[in-house]
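Notes follow the structure.
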């Protein structure tokens, strides 16, 4: 595995010193890295009374390796909180990003804790794909002396709830690992479950381990050690929406908005590849409709996180109304004894299908009942922010942040419905209106550190967003590396997002190649994966020249089809079978040369 490029501008080492340090630590285990960290900290603080961490005596249990496998940041936050808990308990812990973990050393781990989310159709988060593939391959080693625990985050509105955590848990046990604790599967409202689990992990590890000397953690890839800001998911910045521009044509079936948000003098910083978290307000009209369907008024007092609020206010600001789940359907059916819904109870597939096709308000319309206000609140999930890939680079836009928003709109039996965050941004926040935002850093979707490295960008639809940021950054840096964009959408005349900008980059020689797939402009549908196969020989040449490959967009179909096409290109032009091509692509992923931001 190659070492991720450091933020050299922030380091007090020159390149030669940094290279020597990296060479000296390449083959160290997490326990050895933790000891080295503590040793140097002690050297620098001889008068503070600090005690350098010493290796565990023979026969004693070594430190804990804590792997964070995060897609939207929640798993990372849980892992960081557990790290702090373990350090407070005087236990030696190494926190490592799954993308940085040297997974071939897993058989030497004594204590292993994994905190993971799930994406797409039950796949692991991007940073954990290589580890997942290794564990499920023939190369996986027996875990003869490894004790482990898994905390899994998911969303019950998806069919493959917490599947990644289930996979890690079952495979580690199958390979011979000993469970420290039973796996915990947490829904969107994960905080209470995580807090309880963290306490149990600390207790069980304290009971197994001798008390260690005060220790230092090695947080490889833990972005909170690099990115600091007073504005977070729980304490967002109140910014100003300055531009809301429709960038699809009048006759397009899609409504895509270019949104610009003014960060003012907040000092909020981001990098190309990061996401913008947006807290939104539910549509007051939707709240009114739901309240009236339940024969309520909206002024009924309800308790939310220990505070008393009017029902309508609670529904607007604190609860998810636009995404139904199987659990909500089942609980509503049981609570109301609905004759139409009770037959679904116990049938997971039918519950999932009903939830996916019937919004909460229409479930209530089709199966009316009378609930008191607090019972309604008890059915619902807390509102969560939506994440949008950032479509700008601060090297060009400075104190602004841009996003590309596909507005979700559809009808249910003639009644207009819309996505919560997208309709909020597109239609309910006026220009110069307030919007609460934060940056979700993504160090697993970064431009190459070397500006001469070629870049291949694959982003159909709104997946184009981060590549606009990439090109702004490459242009501002004067990067000499070649750039190749694959983009697709239904129609050239209606759906060519940011067309003028791409044409300008081509004219200026910044964008060296652009391949476009218009799926509805001819009888035969053409997608970006077809363009990849069409350009297979040249694509393979770029890969051999060290190109980094980036994919952004839909995880369910597009990302799967694109990866299949890449494997076929690698197999054909690299003279490999598909299994070898898969190993090759996995190695590119480990080297950070194949990165995806899919959702």
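Backbone N, Cα and C atoms are what each Cβ position is placed from, and that goes for glycine too.
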Worksheet item: The NADP(+) site in Swiss-Prot includes 519, 520, 525, 526, 527, 528, 529. Which of 477, 554, 561, 577 is also listed there?
Response: 561
Worksheet item: Whole-number Å distance between the CA of residue 525 (NADP(+) binding site) and the CA of residue 322 (FAD binding site)?
Response: 32
Discussion item. Given the binding-site residues 520, 527, 561, 599, find the one whose Cα is closest in space to the Cα of residue 155 (FMN binding site).
Written reply: 599
Fill in: Those binding-site residues, out of 120, 519, 529, 561, that come within 10 angstroms of residue 599 (FAD binding site) at the Cα
120
Discussion item. Name the residue among the binding-site residues 70, 322, 404, 519, 529 whose Cβ has the smallest number of other Cβ atoms within 10 Å.
Written reply: 519
Worksheet item: Average pLDDT across the domain 'FAD-binding FR-type' (234-448)?
Response: 96
Discussion item. Fewest other C-beta atoms within 10 angstroms of its own C-beta: which of the binding-site residues 421, 526 fits that?
Written reply: 526
Discussion item. Nearest by CA distance to residue 161 (FMN binding site): which of the binding-site residues is it, out of 322, 520, 526?
Written reply: 322
Worksheet entry | Neighbourhood of residue 520 (NADP(+) binding site), C-beta criterion under 8 angstroms, separation at least six | 490, 491
